Amino acid sequence: MSVGFIGAGQLACALARGFTAAGVLSAHKIIASSPEMDLPTVSALRKMGVNLTRSNKDTVRHSDVLFLAVKPHIIPFILDEIGADVQERHIVVSCAAGVTISSVEKKLMAFQPAPKVIRCMTNTPVVVREGATVYATGTHALVEDGKLLEQLMSSVGFCTEVEEDLIDAITGLSGSGPAYAFMALDALADGGVKMGVPRRLAVRLGAQALLGAAKMLLDSEDHPGQLKDNVCSPGGATIHALHFLESGGFRSLLINAVEASCIRTRELQSMADQEKVSPAALKKTLLDRVKLESPTVSTLAPPSSGKLLTRNPAQGSKRE
């Protein structure tokens, strides 16, 4: 089995690094396409041994599982470009925020009657095999197709199937979640520095506190509130700190952040469905198209079947 990424940005780089680190795929069975070959992420993929090309069509031809790892407003253009090259063997996995299964299927059905589409939302901690991924299968995807993606994504963290109508909310929760954690960690470190702790040590201790708290929660059946209470002694420093957080609306800020991300995801969905693109984004898209028309620079390995993950496209049953 081979995996392709349309787009060679942060997500593609994180997934490729995670898959190779987990041992489920060797780098030569991964291909990524990008109109720009001087990006830091492209350099990182090259160092891993991943095949690189400027041609999205090459990526489709040399892959079985195809990740659409580009911005939502680019998806319609990409599907128009590669639709004729998508075959029955392909599992098309959309990772773009807000882009629905039906919108991808509608585009691809102009080229073939039963495209296998899966919508996926993951996050950047896949790079250290601690990602959080959910997926929903499309009309024509087989049960085995979903299980194959789940097996692949479970190698880089937690993965589970959900109904598609939950994915926008999950984008705001775990998709954007690492950014909330990094901002919180940055602020915790600032607090430590303010009180005299060296920056490097403050960052390390703050990160370890978040890591340890997450592990305690995942390894127990206790409610987060109970674990929080266990840290607070009567009249102690922690309860005074929590009072300060509560008075500043800490909980409401996090709730509102998840809501804001979810709402924006739905706005992106509407823009993608209507193929609305901002002038700046349109200019970049046109420039990328010009680059794609230039001679292809690629280092391609022939598609081959992997030993760890296999599937037979002739078998399986469609989801009801």
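One is the number of the first residue shown, and numbering goes on along the chain from there.
Cβ atoms are placed via backbone N, Cα and C, with glycine included.
For the NADPH site, Swiss-Prot lists ALA8, GLN10, LEU11, SER34, GLU36, VAL70, LYS71, ALA97, ASN230; matching the candidates ASN56, ASN256 against that entry yields ASN56. Around VAL70 (NADPH binding site), the same-chain residues at least 6 positions away in sequence with a Cβ under 8 Å from its Cβ are ILE6, GLY7, GLY9, ILE78, ALA96. If you take the C-beta of CYS95 (NADP(+) binding site) and look for same-chain residues 6 or more apart in sequence within under 8 angstroms, you find LEU11, PHE67, LEU68, ALA69, CYS120, MET121, THR122. Among the record's L-proline binders, GLU164, ALA237, THR238, no two C-alpha atoms are more than 43 Å apart, and one pair sits at exactly that spread.
Take the binding-site residues ALA8, LEU11, ALA237: by the count of other Cβ atoms within 10 Å of each Cβ, the lowest one is ALA237. Here THR238 (L-proline binding site) is positioned 51 angstrom away from SER2 (N-acetylserine), judged by their C-alpha atoms.
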